[in-house]
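The feature [4Fe-4S] cluster 1 binding site is assigned by TrEMBL to CYS84, CYS87, CYS184, CYS217. Here TrEMBL flags 84-230 as domain 'NADH:ubiquinone oxidoreductase-like 20kDa subunit'. If you look up TrEMBL, you'll see 250-332 marked as domain 'Cytochrome-c3 hydrogenase C-terminal'. Summarising the annotation, TrEMBL assigns [4Fe-4S] cluster 2 binding site to HIS255, CYS258, CYS283, CYS289. Per TrEMBL, [3Fe-4S] cluster binding site is recorded for CYS298, CYS317, CYS320.
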Amino acid sequence: MSDYRALMARCESRLESLAKQAAVKKTPLNEKLDAAGVSRRDFMKWSAITASTLALPMQFAPMVAKAAEVADRVPLIWLHMAECTGCSESLIRGDTPTVDTLIFDYISLEYHETLMAGSGWQAEARLSEAKQQYAGQYLLAVEGAIPTANGGHFLTIGPHGHTGLDMVHETAENAAAIVAVGTCASFGGVQAAAPNPTGAKGVDKVIHQPVVNLAGCPPSEKNIVGTLMYFIMFGKLPPLDMFNRPKWAYGARVHDNCERRGHFDAGEFVETFGDEGAEDGYCLYKMGCKGPYTYNNCPTERFNHHTSWPVLAGHGCIGCSEPNFWDTMADFEKPLGRRELHSLDKTVDFVGGTLLGLTVAGIGAHAVASVFAKEEKESGDE
Ligand code: FSX
Ligand code: SF4
Ligand code: F3S
């Protein structure tokens, strides 16, 4: 409990000092919420849900609300490297604004190539101004992998042709904290898939500062905004797992909270896409679901205003929040367990030693046995 009191005191003093700074946005957040049709009650509900998503006790809910109200005092610089921009899309797409998207709009977004009006010389000048003006205070978000081969020249940006590698180095130098948004920025993503011709790497492989990895291709809006809220509230990075992912978001496997888990335990599987089992929402393990090997909160937080997530949409998880998943989790529509044992071992080595124990224990010996007993029976019947 004393830990929480210390955390609370830290949060209070951080929010007080942010509140004393001059507001950056002319329209305060409550007016923006009103205009978007979000009632005070809905906003307080959002604050309580966000506190619990961040694994904070309910006493923090009013502080989440206060942090949202002073979010415009926190400058954010968002760089795009080698990627598809799906991470930004995950956050900003929606037919109606949510509190999460409104907060992203309200934070002092100083530079974001997709969203800003300026381009070319103007954009470049804005970036260097923001870096100077807010040195030591800005939060740096990087989306996309950083090509490092050929001196980084596989990615050049802006009228001076700066390499992405140089931009990340220079912008990271005076950042208060650094967030890698998406699996590309966290671990290299699809660009780093074998044979990785551009030498693409995650942000933490090219700089020396600590980086929080918001893995996922893309990560959900909840995981992005939750991490921003944590930084606004505490001025520091959240507790992280072995791959530097926030524990509050990546602390459990997809399989642990999946709504099809009961079918897995009962040995009820989709055998081919579109069969009766698929209609009945059976488990997708035999269709290659990698939920048992993947740490993320997709089943509980979902995407696009909480409407859906891959398994609910009828396809297995492809392991998109794990390092090197393009190489280690493919074939995406076949279970890893059907491969030669040595190749499964290799995958688990990549994913991380401790995961092996957790995964094997977590799958449940009886359930695995039920999958393979059924398979053996089927092949015996042939
Ligand atoms: Fe990568 Fe984000 Fe996947 Fe795309 O940009 S994590 S390819 S969804 O958008 O970086
Ligand atoms: Fe859900 Fe996939 Fe686990 Fe089946 S294997 S319960 S579909 S996460
Ligand atoms: Fe990715 Fe699997 Fe979630 S594919 S989006 S981690 S369900």
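Backbone N, Cα and C define each Cβ position, glycine as well.
Annotated features taken from TrEMBL, shown on the structure.
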residue : record                          : DSSP class
CYS84   : [4Fe-4S] cluster 1 binding site : coil
CYS184  : [4Fe-4S] cluster 1 binding site : helix
CYS217  : [4Fe-4S] cluster 1 binding site : coil
HIS255  : [4Fe-4S] cluster 2 binding site : helix
CYS289  : [4Fe-4S] cluster 2 binding site : coil
CYS298  : [3Fe-4S] cluster binding site   : helix
CYS317  : [3Fe-4S] cluster binding site   : coil
In sequence order, those binding-site residues of CYS217, CYS258, CYS283 whose CB lies under 6 Å from ligand 1: CYS217
Cβ under 6 Å from ligand 2: qualifying binding-site residues of CYS217, CYS283, CYS298: CYS283
Subset of binding-site residues (CYS84, CYS87, CYS184, CYS217, CYS283, CYS289) lying within 10 A of CYS298 ([3Fe-4S] cluster binding site), CA to CA, in sequence order: none
Of CYS84, CYS87, CYS184, HIS255, CYS289, CYS320, binding-site residues neighbouring ligand 3, Cβ under 6 A: CYS320
Listed binding-site residues CYS84, CYS217, CYS320, filtered to Cα within 10 Å of HIS255 ([4Fe-4S] cluster 2 binding site): none
By Cα-Cα distance, the member of binding-site residues CYS258, CYS283, CYS289, CYS317 nearest CYS184 ([4Fe-4S] cluster 1 binding site): CYS317
Shortest C-alpha distance to CYS217 ([4Fe-4S] cluster 1 binding site) - which of the binding-site residues CYS289, CYS317, CYS320: CYS320
Tertiary neighbours of CYS317 ([3Fe-4S] cluster binding site) (same chain, Cβ under 8 Å, six or more apart): VAL254, LEU284, CYS289, LYS290, GLY291, THR294, ASN296, CYS298, PRO310, VAL311
Protein Cβ atoms within 10 Å of CYS84 ([4Fe-4S] cluster 1 binding site), excluding its own: 16
Which of CYS87, CYS283, the listed binding-site residues, has fewest other Cβ atoms within 10 Å: CYS283
Additional residues around [4Fe-4S] cluster 1, ordered along the sequence, whose Cβ is within 8 Å of the centroid of CYS84, CYS87, CYS184, CYS217: GLU83, THR85, GLY86, GLU143, GLY144, GLY182, THR183, ALA185, GLY189, VAL190, PRO218
